[in-house]
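Data block below; observations after.
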């Protein structure tokens with residue numbers, strides 16, 4: 001008796017997971033809300049004097065990021081996922097010189113992780129289907145961009161001014177993320 005009920009339950013669970021993973025409207029809502037929380041948390045981090053921003057470098061955000069409306073949903077998912085993953089990795093580095101609240105950073109990391117968790121099933125589906133065009137080249141450009149941010153932090157020995165510059169870059173990234181998220185429609 002138990003086995004007869006088990007098969008329909010497993011099938012229902014598999015179907016609902018697939019159906020949920022492709023519900024872009026729900027995903028858009030969840031991602032937008034979470035990105036707003038991340039922006040708010042980043043805004044709560046103590047800033048340093050204005051002179052730190054004068055030392056900023058031109059990190060050259062990939063050109064494609066200025067054309068978010070041209071991304072297909074699948075490409076947008078790949079790009080959003082990559083950006084979140086890279087931001088997460090940066091924020092797990094040594095920020096002790098900043099005086100930032102560890103609680104705020106932990107909350108930020110939890111939000112980022114939650115966003116990546118929601119995106120991962122769709123991201124995996126897209127990668128398996130190899131159903132991407134613009135996203136794959138943009139991801140390569142993003143990796144270079146984030147590599148440059150990490151190199152900058154390392155060259156400045158993770159000092160407070162370097163973190164201020166990177167924090168501003170990450171805040172700018174969330175503007176891009178919001179635009180990309182807005183393009184997710186069923």
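Here the Cβ of each residue, glycine as well, is placed from N, Cα and C on the backbone.
Listed in Swiss-Prot for this protein:
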DISULFID  52-161  disulfide bond
CARBOHYD  131  N-linked glycosylation site
CARBOHYD  173  N-linked glycosylation site
SIGNAL    1-21  signal peptide
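Shown here: features listed in Swiss-Prot, placed on the structure.
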{"residue": "52", "record": "disulfide bond", "Cβ neighbours (10 Å)": "18"}
{"residue": "161", "record": "disulfide bond", "Cβ neighbours (10 Å)": "18"}
{"residue": "173", "record": "N-linked glycosylation site", "Cβ neighbours (10 Å)": "25"}
